[in-house]
Amino acid sequence: MESEDDFDMQDASESAEDDDFYSGDDAGPAYAFDSDDADDADDYEFIDNDTDDSDDLASHRQQNFSILSEADIRQRQEEDIIRVSSVLSISKVSATVLLRFYNWSVSKVHDEWFADEENVRKAVGLLDKPAVQFPDAKELTCGICFETYPWDRLHAAACGHPFCNICWAGYIGTAINDGPGCLVLRCPDPSCGAAVGQDMIDVLASGEDKEKYYRYFIRSYVEDNRKTKWCPAPGCDYAVDFVVGSGNFDVTCRCSHSFCWNCTEEAHRPVDCDTVSKWVLKNSAESENMNWILANSKPCPRCKRPIEKNQGCMHMTCTPPCKFEFCWLCLGAWTDHGERTGGFYACNRYETAKQEGVYDECEKRREMAKNSLEKYTHYYERWATNQSSRQKALADLQQMQTVHLEKLSDLQCQPESQLKFVTEAWLQIVECRRVLKWTYAYGYYLPEHEHGKRQFFEYLQGEAESGLERLHQCAEKELQVYLNAEGPMKEFNEFRTKLAGLTSVTRNYFENLVRALENGLSDVDTHVPCNRSGSSKSLGGGSSRGRRSKGSTSRSSGPNRNVDDSSHWSCDQCTYANANSATTCAMCQHPR
């Protein structure tokens, strides 16, 4: 986290746009924007900020990827082809064959060609001279259909084997319909490996087949290139060219979809790709259904079908055609039960057998399954709640940008360029909801025995979530006062300072959280979490639309919160727990 000298709430309004979301000391920026999209430098396409300010914002962000349209891809392909053609002194058709063979790596083509040109030609199918001489006759026989045609109705690849145009069209059309393998097409002669270049495709293929071929050709530049990937958003035709080794993998496409370039899942920083993969698999795995069945049902003693008991007495009757009647507790036949065994709501046989240890293993398995299911449900519900809160915040952001900002500008008699602090607050809320959502996946896989790390994680998560709730409340509720006003209000400047300050402080909270999780909570030995009066573990903190959910334990957010640990003091401005040796708050730089 970069410290800010002489910080105050008014400065936060001016400096907020210069700060990237959670750009750690060593890691790259979480979001970068391609130069072609400088006029729209925010994360979402419906943000239409002033052009000059957007350019300033983009210039402050280190770019580690670029967005490619289909025209950009064609241009890059053409540039690579021309470069190889000029350096190796070969035709553009031959250069295209070479680049396709070496996955569009210009440097690889040059290295291999100059190391052993003969072997490269043989492997790729670029013959330096024809294998057979094209006969000099008025009529020739096709090598496939064995029909005789005039010489101008036959074609041959570089090898010289002649085939009629009809057979060539059929051969090429079949290869194209079979898929991208048509890009490495060879001569139809079984003994020949000469490459069939694009020049022959252009002449011999039908219009529909040529369209498919060039679609495969464009795709190959992205799919065969290790530095380029398609945006995974449905219906998006943009590709992302990434600077490999630049650190942070989160990228944002022009379609507004943010995703991880490494695993192509949605952007999930600070959680690593392996954790996300396990979490996504677990959310869709059948194993959770089996855990629920094991924890909440018992098998019928006769037909073994699982049965859930949701109310009533211990007398169970299986569904037809089984219709077996049994005791829910001991699973024995109900004919052996009655008043002597405890009646309908108890089972003496079960209690006796349980004391003797007969049901220990079964009950242990059921208890383990129930605990596992409760833990998963706990984390998943909060993960899903923050996901829905983020979607709602996105909708509110769009509504704010397209409708409310203009209204607010008219009511408060201020230009929209002076109201960017509102947009920045909502962008921060959206990003924080995303980060907070993935912290629950991180918490689920945090080992139970690492109590120090878990306590530190819950403390940081709780502080970040508490700051986010205050920001969301201010941006959602307090702003309505000025939107519903009949005219300018003198308190609006105070509201501007408050919202901009909360945005900056919340960003700092989440910077701490992101940095700690990316470092594997390595600071757990030097940063002891503090138990605050009136606070609770953040695991109960799932919220909807920025407000704490009904079942959550509320936090005291007042400035006079006390810290139980005498070695720390609580900031009156942002409530962060600072070491006693600090004279200014590490979060907001407010003096002690």
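Cβ coordinates are placed from backbone N, Cα and C, and glycine is handled just like the others.
The annotation compositional bias 'Acidic residues' is assigned in TrEMBL to 1-23 (among others).
Sequence annotations record features per position, and here TrEMBL assigns compositional bias 'Acidic residues' to 34-56 (among others).
Mean pLDDT, taken over the domain 'RING-type' (138-351), works out to 83 on the 0 to 100 scale. TrEMBL lists 138-351 (among others) with the feature domain 'RING-type'.
The domain 'RING-type' feature in TrEMBL is assigned to 142-186 (among others). Beyond its flanks by at least six residues, the domain 'RING-type' (142-186) meets 100-101, 125-127, 130-135, 192-197, 200-201, 203-206, 209, 212-213, 216-217, 219-220 of its own chain at Cβ-Cβ distances under 8 Å.
What TrEMBL lists as domain 'RanBP2-type' is 565-592.
Per TrEMBL, the feature region 'Disordered' maps to 1-58 (among others).
Annotated region 'Disordered' per TrEMBL: 528-568 (among others), in sequence order.
For the domain 'RING-type' (142-186), the number of residues in each DSSP class (helix H, G, I; strand E, B; coil) is 22 helix, 10 strand, 13 coil.
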